[in-house]
């Protein structure tokens, strides 16, 4: 019997175990034991040919003289820079798509959000298209500024008390790409050995990531593709209907998938599908871009629903029900290559940053969306013809029919009646003890796939803490029913009543990891209504099962915002006492935020609840 | 009798054996938390650079005729005839370093914390030594030896 990593999702686990001929990350985890302790502690350095050097009690410095603090800070900043680069790539493509749409005279879908932004950002232009073009242009200009020049939109979008604190600390970023670039310079061989300066640089990258990579990506996509809509819909593997030609999407860029989504409903495309014997096309949501499609709703009958998060992708392919994978970013696991080969699944990649070996590369051109859609349709039909009848299809009964999704900063406010006052009153009365943003990835190492995320969420809602989710946490939690009405029964008595009165689940789905930017805007909205700064809110942040470099850039934003940030696994920093102290203690004096590392579920919930109770006491509620 | 068998040709020089030895002998620590900045934290094994820099993992050989036992004037080094392991009785050790000088492999050290020697204890109560369990390449493995000189590999799950 092969060793298979557990998942909180038992149906998924059983399905993976039943697929004897398929190798997934769940199988590979045990083959990668034991882990290297130097890597875990962040004290391995490969920056020069004198290395790799490792810090041990017998050798406290590398050949160059770098100590553990320098090595850890360098490795950490490099990881944050890479993560920031990923999100900045995404916002650049979103801006490019909006620019192209504005230039081509395409209809702007998010007129209301654009109108709000036009006011806040003072966008010139006589109509929506012109203003959209200016918005995208300003984002592009900011991304490409030199490091010495502050980006123009930072001041307009950041919450004012935060901006003031960042100014005092000198961490307002210059041009975002230049900040990433210089982080690489700074962490190269025999450059900076000042761990504190490197940690401050990580905060600057966090701010650039948060305001541009997260918030503005959402806003640009909302303008381009339409705003999220609060709606219940199906989730899980059961969204795969073998009667359709199924296209599974992986990535983070709705702007790139949008034209294909549109083209799959075109009469010509449907004709082609019918000629091949299918009823039409469906997009199967997988990873964060699926969450994005889910948030903005099934606009033309093509989106089947969100099937699962990052580590479900290999298993989803093993259902045999997917005919083509359309990828444009992470989390497109290299492991899908072999599963696609086994199940004869064609692959198309729209952005070479996520290119798979056996995927065809169809470079995305924002001005040629229809052509992209046409080629995807043809490839999907061809794959359908080739593989159906030769590949067995076995889709397990999995997921929920009525999972609530599509929360955003604007529609939550509207849902509450136009302002945050009703939510503030619920918090003040204690019926909602506080808010916990459970965000980020899933990994296989914090107890197993989604194990910590689900366990922590259950503990927090049982303590009457309303949970807001963004990222692969959403994909995991919705497949476990946390966003369905029956989850109200798992909440504490007070929260349960609130859920039933408002007809909401105890976990609110803000979509993909990009939605962390929406959560920040919600937090700022609540703080503004209360006239306090973010670190005073009864709000905690947890990325319990953080996986990757992007998550660390998100985390750096959370710290810059002054939020307590829980992680189940330390981000390869424990080899440095200084870096560990800066992140877990001293940061509170700088930004108000701090990292809380706690690898056990109940103690983590207790610590987060304690933070909320302290904040409540300080606010006098 | 159980012995650690070394295949230097499989060693990648990762020092995972040293770290797992540290974790095993520093109470309450883990791979994440073991203090690598504390020179008092000493592993009982080592990976040396052999000829041409090729890594050479070394663990106490628990010799049949141990030089450290012969050299010890205090009776602190004892060969356990039942297990064949060379044991260090810390309470008897006077810190004269005779064992340190006598060991032909250099695998007995002065403790950085007290005037006593330290050496491999085969991980005491543990089923298998931590270094063997953690070795990712198979350079360290566990074998059963018999008096006739036979050697049989023991598979660890």
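Quick reminder: no glycine exception, Cβ is built from N, Cα and C everywhere.
Where the annotation comes from TrEMBL, it is an automatic prediction and has not been curated.
Listed in sequence order, the residues of the same chain lying 6 or more apart from residue A:44 ([4Fe-4S] cluster 1 binding site) and placing their CB within less than 8 Å of its CB are A:36, A:38, A:52, A:53, A:54, A:71, A:75. Residue A:44 ([4Fe-4S] cluster 1 binding site) falls within a strand when secondary structure is assigned with DSSP. The [4Fe-4S] cluster 1 binding site annotation in TrEMBL covers A:36, A:44.
If you look up TrEMBL, you'll see A:45, A:48, A:53, A:64 marked as [4Fe-4S] cluster 2 binding site. Of all Cβ atoms in the protein chains displayed, 15 besides its own lie within 10 Å of the Cβ of residue A:48 ([4Fe-4S] cluster 2 binding site).
Residues or ranges marked as [Ni-4Fe-4S] cluster binding site by TrEMBL: A:252, A:288, A:331, A:441, A:472, A:513. Under DSSP, residue A:441 ([Ni-4Fe-4S] cluster binding site) is assigned to coil, being neither helix nor strand in the three-state scheme.
Other Cβ atoms within 10 Å of the Cβ of residue A:53 ([4Fe-4S] cluster 2 binding site) number 20 in total over all chains. Counting every protein chain shown, 29 other Cβ atoms lie within 10 Å of the Cβ of residue A:441 ([Ni-4Fe-4S] cluster binding site).
Spacing of residue A:472 ([Ni-4Fe-4S] cluster binding site) relative to residue A:64 ([4Fe-4S] cluster 2 binding site) is 40 Å (Cα to Cα, whole number). Residues near residue A:64 ([4Fe-4S] cluster 2 binding site) in space but far in sequence (CB under 8 A, at least 6 apart, same chain), listed by position: A:48, A:50, A:53, A:189, A:190.
Chain B comes close to A:36, taken from the binding-site residues A:36, A:45, A:252, A:288, A:513 by a C-beta to C-beta distance under 8 angstroms. Long-range Cβ proximity for residue A:513 ([Ni-4Fe-4S] cluster binding site), meaning a same-chain Cβ under 8 A and a gap of 6 or more residues, is found for A:214, A:252, A:288, A:439, A:440, A:441, A:470, A:471, A:472, A:550, A:551, A:554. DSSP assigns residue A:53 ([4Fe-4S] cluster 2 binding site) to a strand. Around the Cβ of residue A:45 ([4Fe-4S] cluster 2 binding site), a 10 Å sphere holds 24 further Cβ atoms from the protein chains shown.
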